[in-house]
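Quick notes on the structure that follows.
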Amino acid sequence: MAASENNMEEINPVLRISQLDAIELNKALEQLIWSQFSSCFQGFKPGLLTRFEPEIKASLCLFLWRYTIYTKNATVGQTILNMQYKNDLAVTKKYRPLNKQQKVWFALFLVGGKWLEERSFDLFSNHPFGASFQRTKYFLNAISGLLKFGALLNFLIFLQQGKFATLTERLLGIRSVFSRPQDVRQVGFEYMNREILWHGFAEFLIFLLPLINTQKLKSKLFSWCKPAKSHGVSDPSLAVICKECCLCGEWPAMPHTIGCSHVFCYYCIKSNYMSDMYFTCPKCSSQVHNLQPLEFKIEISEVHTL
C-alpha cells in the first residue's frame, strides 16, 4: 500500500504557504534545540560556548540532517505538514527519493554555508593586513551578495510557479511533494462562530454597562432586602437611629442627614447623591432636601452597647 502511494503520480501540488510554513518550523526547531543546549551550560563560566558557537550549531544542524533528510527525505517541518522531498531531476513523474549526492550537497549548502557565514569574520579578522586574505574576503563577500540576490530572484519565481522555495532546492533539483494523497478537508466554522458571538456579546456589554446606574440599582436592592425598622417616636434621643448608617450598616463616620430621621456616613450619602440626583432614603423613601451634618449628644454607655 505504501509503495503504491509512493509511486503514484503527483496530482495535487504543494501549497506555497505549506512550504514556507515548513521552513519556519525548521528554523524554530533549530532555535529551540540551541536554546535547550545552551541552557545546559548556564552554571559554567560565562562565554564558554561563545568561542565555539558556530561549530556547535553546525554539529547540531548536521545531527538533524542525519536523522531527517538523510533517512526520511524530509525535514521536521515537512514531516509535520505531510510533505517530503522529491528528486525532480528524474525523468519519470513518479516519486523518486533523493540520491546520496543530493543529500550530501544539501548538507554542505545548509550546514557549511551557515558555518562559513558565522565564522568568516573571525577567520579574516586575525589577518587584517594580508593582501591575499583581503582578496579572499572580498571574493567571499561578492559571492555572499550574489547568493542573496539569487535567493531573492528564486523567491519571486517561487511565488509565481510554486516550486523550489529555496535556492538550494533549485540548484540541487529537489522539491516538496505530499508524502500521502490529500483527502478532502471538512471545513468547520464552529470555532469562528463561537468567537464572533462572544466578541459581539462583549461589545454589547461594553456599550450597555455605562448606561446602567449601578449605585442606584444597589440602593434599590438594599432597600428591598432590608426593610425599614420602626423606632419609637417617643425616644427623646437619636441614639437608637444614629448607631448605624442606612447604607453601609456601620457606625456613621461624619454623620449627615438628608432631612429625614435617618443618618448616613458623609461618604456614603455624598457618593450616592452624586451618582443619582434623585436619590431617596432606602428606609423611608425621602428625597434629599438638604444635606447637613448631624449634631447630637450620645452617652458613652450607649456607645459601649454596640
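Just so it is clear, glycine is given a Cβ too, placed from its N, Cα and C backbone atoms.
Straight from Swiss-Prot, the features:
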- 1-15: topological domain 'Peroxisomal matrix' (TOPO_DOM)
- 16-42: transmembrane segment (TRANSMEM)
- 43-48: topological domain 'Cytoplasmic' (TOPO_DOM)
- 49-74: transmembrane segment (TRANSMEM)
- 75-98: topological domain 'Peroxisomal matrix' (TOPO_DOM)
- 99-125: transmembrane segment (TRANSMEM)
- 126-134: topological domain 'Cytoplasmic' (TOPO_DOM)
- 135-161: transmembrane segment (TRANSMEM)
- 162-188: topological domain 'Peroxisomal matrix' (TOPO_DOM)
- 189-212: transmembrane segment (TRANSMEM)
- 213-306: topological domain 'Cytoplasmic' (TOPO_DOM)
- CYS245, CYS248, CYS265, CYS268: Zn(2+) 1 binding site (BINDING)
- 245-285: zinc finger (ZN_FING)
- CYS260, HIS262, CYS281, CYS284: Zn(2+) 2 binding site (BINDING)
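Where Swiss-Prot records a feature, it is marked here on the structure.
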residue: CYS245; record: Zn(2+) 1 binding site; contacts (Cβ under 8 Å, 6+ apart): TRP251, PRO252, ALA253, PRO255, VAL263, PHE264, CYS265, CYS268
residue: CYS248; record: Zn(2+) 1 binding site; contacts (Cβ under 8 Å, 6+ apart): CYS265, CYS268
residue: CYS260; record: Zn(2+) 2 binding site; contacts (Cβ under 8 Å, 6+ apart): CYS281, CYS284, SER286
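Long-range Cβ contacts of the transmembrane segment (135-161) within its own chain (Cβ-Cβ under 8 Å, at least 6 residues beyond either end) map to 16, 19, 116-117, 120, 124, 167, 170. The residues of the topological domain 'Peroxisomal matrix' (75-98), classed with DSSP into helix (H, G, I), strand (E, B) and coil, number 5 helix, 5 strand, 14 coil. A sphere of 10 angstroms centred on the C-beta of CYS268 (Zn(2+) 1 binding site) encloses 20 other C-beta atoms. Sequence-distant neighbours of the topological domain 'Peroxisomal matrix' (162-188) (same chain, 6+ residues past either end, Cβ-Cβ under 8 Å): 5, 8, 10-16, 18-20, 22-23, 74, 78, 82-89, 95, 98, 102, 105-106, 109-110, 147, 150-151, 154-155. Classification of CYS281 (Zn(2+) 2 binding site) by DSSP places it in coil, neither helical nor stranded. All protein chains included, CYS284 (Zn(2+) 2 binding site) registers 13 other Cβ atoms within 10 Å of its own Cβ. The residues near the Zn(2+) 1 site, meaning same-chain residues not in CYS245, CYS248, CYS265, CYS268 whose C-beta sits within 8 angstroms of the mean position of the site's C-beta atoms, are CYS246, LEU247, GLY249, GLU250, PRO252, ALA253, PHE264, TYR267, ILE269, in sequence order. Using a 10 Å radius centred on the Cβ of CYS281 (Zn(2+) 2 binding site) and all shown protein chains, the other Cβ atoms total 22. Its Cβ taken as reference, HIS262 (Zn(2+) 2 binding site) is surrounded by 24 other Cβ atoms within 10 Å in the chains shown. Distant neighbours of the topological domain 'Peroxisomal matrix' (75-98): 6-10, 14, 18-19, 21-26, 29, 64, 68-69, 106, 163, 169, 173-180, 182; these residues of the same chain sit at least 6 beyond its ends, with a Cβ under 8 Å from one of its Cβ atoms. Cβ atoms within 8 Å of the centroid of the Cβ atoms of CYS260, HIS262, CYS281, CYS284 (the Zn(2+) 2 site) belong to the same-chain residues CYS246, ILE258, SER261, PRO282, LYS283, SER285, SER286, site residues excluded.
CYS265 (Zn(2+) 1 binding site): 20 other CB atoms within 10 A of its CB, across all protein chains. DSSP places the residues of the topological domain 'Cytoplasmic' (43-48) in helix, strand and coil in these numbers: 0 helix, 0 strand, 6 coil. In terms of DSSP helix, strand and coil, the topological domain 'Peroxisomal matrix' (162-188) has 6 helix, 5 strand, 16 coil.
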